[in-house]
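Peer 1: One structure, pasted below without further comment.
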There are 2 protein chains.
Amino acid sequence: MSAVEPRRVIATVCLSGTLEDKLAAAAAAGFDGVELFENDLVVSAASPAEIRQRCADLGLTIDLYQPFRDFEAVPPDVLRANLRRAERKFDVMEQLGVDLVLVCSTVSPDAVDDDELAAEQLRLLAERAAARGMRVAYEALAWGRFVNTYEHSWRIVRRADHPALGVCLDSFHVLSRGGDPALIRTIPGEKLFFLQLADAPQLDMDVLQWSRHHRLFPGQGAFDLPTFVGNVLSTGYRGPLSLEVFNDVFRQADPKPAALDAMRSLRLLEEQVGFPVAAPAPELSGHAFAELTVDEVAGAKLAETLAALGFERTGEHGSKPVQLWEQGGARVLLNAKAETPGTAVIGALAVETGDPSSSALRADAMHAPVLPRTRGPQEANLASVAAPDGTEVFFCSDSWLADFSGAGASPVPGLGITGIDHVALTQPFDHFDEAALFYRSVVGLRPEPIAEYAAPFGMVRTRGVVDPTGSVRIALTGTLVRRGEWAPAVRDPQHIAFACEDVLAAARALRERGAPVLRVPDNYYDDLDARLDLDRELLVQLRANSVLYDRDEHGEYLHVCTEILGSRIFFELVQRIGGYAGYGVPNAPVRMAAHRRQRLAADG
Amino acid sequence: MSAVEPRRVIATVCLSGTLEDKLAAAAAAGFDGVELFENDLVVSAASPAEIRQRCADLGLTIDLYQPFRDFEAVPPDVLRANLRRAERKFDVMEQLGVDLVLVCSTVSPDAVDDDELAAEQLRLLAERAAARGMRVAYEALAWGRFVNTYEHSWRIVRRADHPALGVCLDSFHVLSRGGDPALIRTIPGEKLFFLQLADAPQLDMDVLQWSRHHRLFPGQGAFDLPTFVGNVLSTGYRGPLSLEVFNDVFRQADPKPAALDAMRSLRLLEEQVGFPVAAPAPELSGHAFAELTVDEVAGAKLAETLAALGFERTGEHGSKPVQLWEQGGARVLLNAKAETPGTAVIGALAVETGDPSSSALRADAMHAPVLPRTRGPQEANLASVAAPDGTEVFFCSDSWLADFSGAGASPVPGLGITGIDHVALTQPFDHFDEAALFYRSVVGLRPEPIAEYAAPFGMVRTRGVVDPTGSVRIALTGTLVRRGEWAPAVRDPQHIAFACEDVLAAARALRERGAPVLRVPDNYYDDLDARLDLDRELLVQLRANSVLYDRDEHGEYLHVCTEILGSRIFFELVQRIGGYAGYGVPNAPVRMAAHRRQRLAADG
């Protein structure tokens, strides 16, 4: 593919706010230009000339004015009105300094099914545009009344045969209908005037509603955009790659992170179609550590619990109030920098890479916010970036351990913990899809399918992001609807799940040690018995030790949780038997209800 | 129809929270019983016997245990496991004291398409149930693998021919597939073991996803439930009317108001099928008044603006800090009881009825929370209830005016305002559908279709609720997604729209009086010109006076807004020409952006 980077454009309709908010966010995220959505202009107090100036000041071009609807294949009186309407819009475009207008295939009851007439009238429009130095990009809406495939729009454009008339391709309109993107190669690149990109989850619903509410940025949905874009580029198209995403969540989310999310999606797509983006994500070899940010009180409780879990306090940081706790390959840092009483949150997670500087380079190229860091002169230089939920993500080799000096031994024997299995982060509502894309593009993790389930306080979805070798797993959880006042006792719990060789034995030991193990109700085990007909003795042991159980076609999963410690942390011990690759999702509602009971009991 | 009231039941899955939360909410809303959703029990720490006792203490029966899935038409080894599973669930039911279990038609890959086998195995299950004094209700899921219509489930039940096996009907499963409810009359009432009711919006999407996420309480969607229930009752069915609604919003909303909403939906449905519910809603003759709750500062600003709008201050309340302002038939009360600086909200709206006591009786029967009221010995006894958003709704004849003594005259001439056209209330996210049902069931207003549109800060929906004569209109607005931190400058604005004989003339007068008219940008008028090709002079006048314009197939609409006054109030003057029946929804985004500009400018 070409090594010349494409122009990166975003439609203002992708972002929330006034036009001013949108332009500022697009510029800050590094976009080269925007598609100006008409309604964003209509509600603005700035004149088109002022918008043009604002864009210039921000370093943004306006690449497309859109949409112009219901133009073609109409009776003469409607055509007259439509041409008048077009001239008024050309006036606006002139002041904006934009020379390309998007015309969507008609959905008007005034239109007729007549390709010849459509071509003739579009040619007329192209002549009017050309007279003003402008061009027209004709797009087949997936729900167009007569024209709803790109092949059809191209036939009409070809028939109209005017240099100022070309095709606009929109990946959603093509892929939502199961269109074959290979045929795109039959269109000459110079007749492709514009390329709009959107991904979407695979939904079985009315295509108009799907398009209006559920589009996603590339890489967040189910569409094969690399193949689609590859076909477009092979025609010789060298115009912008432009994002046009209608999404209920993005429409009301802070436009600044949303624009960064959009940019990341575009950079990843560029990489997939052959444009080099800094370094590829280096291979990972595991979780280096997870760091908990705590205050003194919660820190003491967590330290006590880590000790009960068999962790050894192996080090103190040279210059910061940070303890290192280890067992097997699992390392937890307790950083007592929090001032709010009771604070216990996952402040950072660290992945092991053989090449931290490549990781940092890639993170920067993928627009991950690099975090400033104070360090002593002898301390390891750890690169870190902020994930969408604010969690700090470190890329490190093992040199960071040198920052810690030895400390006391563990009071009790270990429990067979061998490492961190996964870190589970509850995502803020607006950032669920953004988070998966962040870990994919920046860290090189692969998003797993989304599991959706009914929890006691609302619908929840979970997806893992996992490195190709399975050594790094992060479980992302979010609600389907943003929660209001009515909510569980613990908001947005987070946890660290430790891989354990024998969860039942560990759970027994925890019980003996009086550790704060989360109590699982009998009803759960009665249901487990009814559903799975487990071995009697196993069921007795699970029940006696509050161990949760799941199985799939590949294997089994045993897991036990602690109570919530501090504001929103718990630990989990997990045992994967056979090829089980999930996270015990069917048990999540049981755990959530139990944590609520724990908290209500503590409060009451 | 029968005059004996049916038992009112709600499935625990309709409500949010732990089982304890759900049972408490159902009992408080006056339900007689519940369908116990298995997962609600599984996550509970209370034993089945304890749940039974809790229900008894709350005056609730448990009418159904559900669901039991994937039972029938399977090979012998799977049948053995399924019967074992059933016996374990019968154990649980025994402890719960419930004798009816719901069996859903299978979706299992283990099942075969064999009605004879299905009937034989269901008969076996019924025998096992009967041996324990229990019964089985077989339900056709709309997405059942082989059995997905109620006619088919009834054929299998008939073939199985066991007294402990009957049919469960679910309105969603029947009506979502466009099933004919008239055929229900071919099923003997005694073989209808249970009736589940859900409404839904008419969506064109996968029926499983539609069912899981978008069900609504009866009267909130598009289904014809009165006809459906009428057919069921005509069979002689005298079992419970039970609500089973899976809805993403209800699943995470406070269960107490949600249960009341559910109860209201059931009472309305009962009335529609012939069970008398107190008095019918009396005919209304208009808005009696709207009351603004203000603090001193916002009150002064609102008084000043009402004066500029040509209102006359005609009275003071005898015992409260309330001013009466009048023009034509429009009456606004300013109640200076707020303490928070800047407060300006619609505290109450009042509708005129010839029979306030019937209205109050009906409101009470419809479970509207009746509000306490302090009044002086000579004052009118106004019945009032709380709408879901907390707005006080009064039912009154004109006697309330006697509570006010005369006050000063208006400083300027009137502006041709003839009354209140509508009151517009932004609804809390969780209460949009509930609000429409409230005004329908309690006040007797008719919900209009929902209009959905993209506003600068997210998707918004609006629907009017209007009395049959068009004399009382309330416009309800809500967001599709609950807003987070990123949001417009004014949250949840409310307004009173006054009917005006000549909005253009009024707007000119307002400009001359220096009233705080909301400035509408030029871009809006340029777009209006392009779209509608209005008369030149009209366009000039609209533009010069910041008057908004809309038209539909029935007529035209001119409207002008004030700036936001105090925390979240503005006034609007509206002029309906011809049969225009809307609210100028296409102009709402323009108005929202303009209000944000006004606020940002004011903030500095």
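Cβ coordinates are placed from backbone N, Cα and C, and glycine is handled just like the others.
So TrEMBL lists the following for this protein:
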- B:GLU139, B:ASP170, B:GLN196, B:GLU244: divalent metal cation binding site (BINDING)
- B:HIS422, B:HIS495, B:GLU572: Mg(2+) binding site (BINDING)
- B:286-398: domain 'VOC' (DOMAIN)
- B:419-563: domain 'VOC' (DOMAIN)
Peer 1: I want to verify one value. Collapsing DSSP to three states, which class is B:GLU244 (divalent metal cation binding site)?
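Peer 2: It is coil.
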Peer 1: Which site among B:GLU139, B:GLU244 has the most other CB atoms no more than 10 Å from its CB, taking these as binding-site residues?
Peer 2: B:GLU244
Peer 1: Distance between B:GLN196 (divalent metal cation binding site) and B:HIS422 (Mg(2+) binding site) at the Cα atoms, whole Å?
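Peer 2: It is 37 Å, counting Cα to Cα.
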Peer 1: Would you count the other C-beta atoms found within 10 angstroms of the C-beta of B:HIS495 (Mg(2+) binding site) for me?
Peer 2: 24
Peer 1: Check the Cα-Cα distances from B:ASP170 (divalent metal cation binding site) to the binding-site residues B:HIS422, B:HIS495, B:GLU572 and tell me which is shortest.
Peer 2: B:HIS422
Peer 1: What whole-number Å value do you get for the CA-CA distance of B:HIS495 (Mg(2+) binding site) and B:GLU244 (divalent metal cation binding site)?
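Peer 2: The separation of the Cα atoms works out to 36 Å.
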Peer 1: Helix, strand or coil at B:GLU139 (divalent metal cation binding site), per DSSP?
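Peer 2: Assignment for B:GLU139 (divalent metal cation binding site) reads strand.
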Peer 1: Let's see if you can do this one: DSSP helix, strand and coil counts over the domain 'VOC' (B:419-563), in that order.
Peer 2: 46 helix, 51 strand, 48 coil
Peer 1: What mean pLDDT does the predicted model reach across the domain 'VOC' (B:419-563)?
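Peer 2: Averaging the confidence scores along the domain 'VOC' (B:419-563) gives 96.
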Peer 1: Around the recorded divalent metal cation site, report the further residues of that chain (criterion: Cβ within 8 Å of the mean position of the Cβ atoms of B:GLU139, B:ASP170, B:GLN196, B:GLU244; site residues excluded), sequence-ordered.
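Peer 2: Result: B:LEU102, B:CYS168, B:LEU169, B:SER171, B:PHE172, B:HIS173, B:PHE194, B:LEU195, B:LEU197, B:ALA198, B:SER242.
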Peer 1: Residues near the Mg(2+) site, B:HIS422, B:HIS495, B:GLU572 excluded, by Cβ within 8 Å of the Cβ center?
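Peer 2: Near the Mg(2+) site, the remaining chain residues are B:ASP421, B:VAL423, B:ALA424, B:ALA475, B:ILE496, B:ALA497, B:PHE498, B:CYS561, B:PHE570, B:PHE571, B:VAL574, B:TYR583.
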Peer 1: Within 10 Å of the Cβ of B:HIS422 (Mg(2+) binding site), how many other Cβ atoms can you find? Include all protein chains, please.
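Peer 2: So the Cβ neighbour count for B:HIS422 (Mg(2+) binding site) comes to 23.
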Peer 1: Pop the Cα-Cα gap between B:HIS422 (Mg(2+) binding site) and B:GLU139 (divalent metal cation binding site) into the table, whole Å please.
Peer 2: 45
Peer 1: Please work out the number of neighbouring Cβ atoms within 10 Å of the Cβ of B:GLU572 (Mg(2+) binding site), leaving out its own Cβ.
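Peer 2: B:GLU572 (Mg(2+) binding site): 22 neighbouring Cβ atoms within 10 Å.
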Peer 1: Roughly how many Å lie between the Cα atoms of B:GLU572 (Mg(2+) binding site) and B:GLU244 (divalent metal cation binding site), rounded to a whole value?
Peer 2: 41
Peer 1: At the level of the C-alpha atoms, what whole-angstrom distance separates B:GLU244 (divalent metal cation binding site) and B:HIS422 (Mg(2+) binding site)?
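Peer 2: Approximately 34 Å lies between the Cα of B:GLU244 (divalent metal cation binding site) and that of B:HIS422 (Mg(2+) binding site).
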Peer 1: Applying a 10 Å Cβ distance cut-off over all chains shown, what neighbour count does B:GLN196 (divalent metal cation binding site) have?
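Peer 2: 24, counting other Cβ atoms within 10 Å of B:GLN196 (divalent metal cation binding site).
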Peer 1: Can you break down the domain 'VOC' (B:286-398) into helix, strand and coil residue counts using DSSP?
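Peer 2: Helix, strand and coil residues of the domain 'VOC' (B:286-398) number 24 helix, 47 strand, 42 coil.
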